[in-house]
């Protein structure tokens, strides 16, 4: 449209100039020129407002036209009352006669349209300084277009030439400027303000002009004043109506936006369930002082593996299906919540007994297979349950449900666990232990005890197993099966393992200096074996304490073998390359296979206590059916076999008959301090009478705790 405007302006101006110079009938041609000019002005007005983004709707265009109408009427009335009419009276001596000739009516049309357009351009230019160039070009074009019919109707060649030239030149400039201007748009929620201040200000000017006219000039209300007042009043009334509509629309949009954002703030975007914020708000509004309620905390077991192996899209699909199952299986009025990740919750208005039955039903529903893209997904869930009576605050209720969930997962998963006060006591002790364990090495609270490993049948001590003990001044003696798993979970096991290795090698070096031919076995955690530098660090410790590598035995459990066979083989191969012997601990507890045993780089096979434990009653109970099989297997593979957990003489005899060469257990000595082990060494080396005395002294050693090495290390 902008490109065609100059061409149309030249054509219309040329026709008008030709009509004036050739004497064509002025009224007919003037009417045609007037219609063309008025249409072109309207097109310019609409096009410019559209380019500027100020009239994206019919209501927006109407607002601008009303602004222009008020501005034009106000300026016209002020000019008519204060300038035109007084000058006419001064020079002519009488008022301007108001006669409606056909030519005047035809000429007035484009002038009125142009005046309104000029008013719109003035309002837009004053409101937005960045578009004043476009508005100026449009104003010149519209002014020229509105003057062109008057020149034709009243046979003014000079005015015709000027108007036509201004029309064409202004259209050309407007086309260039409008094409280069970026389109701007108003935010839909922004109330309309453009031109309002300008139009209201000029209405004030018209009012001042009316007062001056009444008080100092004519003193009468003429037809022009009445017509102008009607136009301005009608336009202002229409503006007021539009403003009320805008205000109503803005209010509705704000209300809808508020509702939308409130919904977004309290809803999980993936599943559509309530989120944690909504859960806390509901607890605050309805649970405090309300009816009995129960909070279920739900966690999907093994969900991380789904994300890792099948991708997050499949994981999201599973979460959506979990939400659907929760939503369709909770009771009416209960609230299903996605807390975050794979954690969900259900707020139920019921006593704990009824809530437990519902929780069991939900657990069964959640453990069904999930049909997603790519096949079925199998998951289980764990549920923790806490009633509002168990807590004195909302935070306490949420915490109790989480604690119950934690116990459900620790007790085997895929179960419902109801909160118990004992859980809190356990959790407080666990937190206390973890805090104190971090400084136990520096405070000197840890010590090693040693359990003898003897050669059968003579019972000579050939080695010891180093076991860690912790005695805290406030907590007392903490059992290894309590603090070792805690060290694993808290990331402290590497430091404890390093302490055990250094202390054991230090004590071993002293025994070597004293001439004792023994070895020391040290348990290693699977987390320590994850370190590719572990073998090098062991070699450095041996070198630092001047201990021959073959005097150290590193014990690794079957559980560690089951976790990562290839990585374990690499680490154990590096240890054996450094000269350190390797023992497979707890063999027969259920993880390793015979095929793995052939490929594992081990030197010693330690039979788990369950394979040598007495069965039944009488003398036949000392005939375990598998111990001799394991002994023969170890002998065939060239491994030294050590039987653990020997507590009775009958076990000793059966192992001798099976050909087992080494044994360990309370029958030969409970875990004891290093100086008591030295007494055993001296007893073996002393004459018979002195040996009996030494053994009697060793028997008086206070029991410092006998814990199987595998359980003690608490492999996870």
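Numbers here mean position along the shown chain, with the first residue as 1.
Heads up, the Cβ atoms here are built off N, Cα and C, so glycines get one too.
Automated prediction, rather than curation, is the source of TrEMBL annotations.
Checking the ranges 1-20, 61-80 against TrEMBL, the transmembrane segment annotation falls on 61-80. Over the domain 'EAL' (430-685) the predicted model carries a mean pLDDT of 88. Per DSSP, the domain 'GGDEF' (291-421) is made up of 62 helix, 37 strand, 32 coil.
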